[in-house]
């Protein structure tokens, strides 16, 4: 459980009146704000705070969307034969547009190497 606290008494003067979030399950404390000695968002073991007295403060948690990593998907609805024919006969496909790395690009404007790469990456036999 997460508890918000304001330190009211401490051997370390840097901790006096600082605000922390205590995670009782992990035995950790996250610094919200301190005069000195601790960085904002720094996580330390509760034991590092030493002998302290504190008062609990209400904590309001707002949902936060945090995206770390993730994947990117380009969808091109085409047949392999269409792209292969566009490589051989670009004049027949002047408006053929595909998605590459999130951008729309004319297939004919790609280099031959890029065209081969798109064909190789786009079509698979199975998942």
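Glycine is no exception: its Cβ is also placed from the backbone N, Cα and C atoms.
Annotated in Swiss-Prot:
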type	residues	note
DOMAIN	5-127	domain 'Glycine radical'
MOD_RES	48	N6-acetyllysine
MOD_RES	88	N6-acetyllysine
MOD_RES	92	N6-acetyllysine
MOD_RES	102	glycine radical
From modified residues 88, 92, 102, the one whose Cα lies nearest residue 48 (N6-acetyllysine): 102
For the domain 'Glycine radical' (5-127), mean pLDDT (0 to 100): 87
Which of 48, 88, 92, all modified residues, has a Cβ with the fewest other Cβ atoms inside 10 Å: 88
Inter-residue C-alpha distance, residue 88 (N6-acetyllysine) and residue 102 (glycine radical) (nearest angstrom): 25
The residue listed as 'glycine radical' and residue 92 (N6-acetyllysine), distance between Cα atoms, whole Å: 25
Where residue 88 (N6-acetyllysine) falls in three-state DSSP terms: helix
